[in-house]
C-alpha cells in the first residue's frame, strides 16, 4: 500500500512539473503573491467544493516562509503533503485556472512581469560578434599594408562596407557601414553600449523586435548623414546603438504606468527590500533619466566637436541623431506594449508614417541633389 502511495506521489510530482513549473517560473524566484492568488480564487468562485476555512488554511500552509508569496517548491509541497486524496483531484484544475488568469493581468499591470529569457537575447550578441569579427579581419588587412590600428585610428576606407558619398548607388552601404569601426575605442564603446542596453531590451521585447529597430535605425542614421554631410564617409554602429537608446525611450513612453507599478508601495518594500529597490531603479522616471544622461551629453560633445573641429574630427553627429529618433519613432510601433491604449496605437501609426516619409525624402534627396562629389563608377576591386 505504501509503495502504491509513493508511486502515486511520484506521478503527481511529475504532473506538477509538467503543468505548473513553467508557469511559476514566469513569476520569478519570489513566486506568486499570496494575496493576489487568494483574491483570484475568491473572485472566480473556485472554492465550490472546498470550504473557505480549509482553502485559507491550505494557502497559509503553502506560504511556509511567511513571505506572502508562494513559490513552486512551496506549491509542490502543499500538493504532495497537505492535501487529501479528494482534494488532489480538485486542486490542480482550480489552481491552474486561477494562475492562468493571474498571469495576463499581471503582465498588463506590471512591466517587470514581462522580463524573461525565453528566448534568450540573440540578435545583439550575434551582431556584436559579427562586428568584432569584421573589425579583426580589417586590422590584419590594414597591417598587410603597413597601417597600424590604434585606439582612435585605423579604418579600411577602401572596404565595400563603408558608406561613401561617391558610391551612394551601392545601397547596401547605408546598412553595412555599421560593421566598420575606426580604432579600438570606437568599437569597444559601441559594442559595450549595445550589449548593455540591447540585451536588456531583448529580454522584454525579444530579439526580432530589437533587431528590426536596430537595423532600421542604422539605415536612418546613414540616410541622415548622407543628406547633411555630403562629402564625408561614414563608419560605425552608432546609428544602431542610438536606435537602441531611442527604443528605450519609446518603451518608457508606451509603458509608463506599467513600469511604475508598485514602485513606491511600502508593502512591496516590506515584503522584499531588494525587490522593492529594484522596482524603483527600473521605474520609468529613473530609466528616462539614465538614457537622457547618456544621450544628451554625448550628443552635445559630438556637436561641439563637429562645429569647432570639422577637419580634425569628423563625427557623424546626424547618424547618431537619426538613429536615436528612428529608435523612438519605430520603438513606439514595434516594441511590446503590455497594455495598448487607443492613443498609443494612434501615436504608433503617426511615428511610423514620419519614419517612412523621412526615408522617402532622403532617397529623393540622394537621387536629385547635385552637391555631392562626382560619382565613382569604377568596379569594386
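Heads up, the Cβ atoms here are built off N, Cα and C, so glycines get one too.
The feature domain 'EF-hand' is assigned by TrEMBL to 50-85. Non-local neighbours of the domain 'EF-hand' (50-85) in the same chain are 9, 12-13, 16, 20-21, 24-25, 29-35, 37-38, 41, 91-92, 94-95, 271-272; each lies 6+ residues outside the stretch with a CB under 8 Å from one of its CB atoms.
Annotation comment: TrEMBL describes 122-140 (among others) as transmembrane segment. Same-chain residues lying 6+ beyond the ends of the transmembrane segment (122-140) with a Cβ under 8 Å from its Cβ atoms: 149, 154-156, 159, 161, 178-181, 187, 190-191, 194-195, 198-199, 201-202, 207-208, 210-211, 214, 237, 240, 244.
Here the transmembrane segment (174-195) has Cβ contacts under 8 Å with residues 124-125, 127-128, 130-132, 134-135, 138, 149-156, 159-163, 214-215, 218-219, 222-223, 226, 234-241, 244-245 of the same chain, all six or more residues outside its ends. The transmembrane segment annotation in TrEMBL covers 174-195 (among others).
Residues annotated as transmembrane segment in TrEMBL: 207-227 (among others). Here the transmembrane segment (207-227) has Cβ contacts under 8 Å with residues 119, 121-124, 127, 163, 165, 168, 173-175, 177-178, 194, 198, 201, 234, 237-240, 242-244, 246-247, 316, 318-327, 330-331, 334-336, 355, 358-359, 362-363, 365-366, 369 of the same chain, all six or more residues outside its ends.
Per TrEMBL, transmembrane segment is recorded for 234-256 (among others).
The active site, nucleophile annotation in TrEMBL covers 238. Non-local neighbourhood of residue 238 (active site, nucleophile): 190, 221, 316, 319, 320, 323, each in the same chain, at least six residues away, with C-beta under 8 Å from its C-beta.
Marked as transmembrane segment by TrEMBL: 276-296 (among others).
Beyond its flanks by at least six residues, the transmembrane segment (317-335) meets 201, 205, 209, 212-213, 216-225, 227-229, 234, 236, 238-251, 253-254, 295, 298-299, 302-303, 306, 344, 347-349, 351-352, 354-355 of its own chain at Cβ-Cβ distances under 8 Å. According to TrEMBL, the feature transmembrane segment maps to 317-335 (among others).
Annotation comment: TrEMBL describes 320 as active site.
Listed as Cβ neighbours of the transmembrane segment (347-369) (distance under 8 Å, sequence separation of 6 or more from its ends, same chain) are residues 168, 216, 219-220, 223-224, 226-227, 230, 254, 326, 328-330, 332-333. Residues or ranges marked as transmembrane segment by TrEMBL: 347-369 (among others).
Non-local neighbours of the transmembrane segment (234-256) in the same chain are 111, 124, 127, 131, 155, 162-163, 177-182, 186, 190-191, 193-194, 197-198, 201, 204-205, 210, 213-222, 225-226, 284, 287-288, 291, 294-295, 316, 319-332, 335-340, 344, 347-348; each lies 6+ residues outside the stretch with a CB under 8 Å from one of its CB atoms. Taking the Cβ of residue 320 (active site) as centre and 10 Å as the limit, one finds 25 other Cβ atoms among all the protein chains shown.
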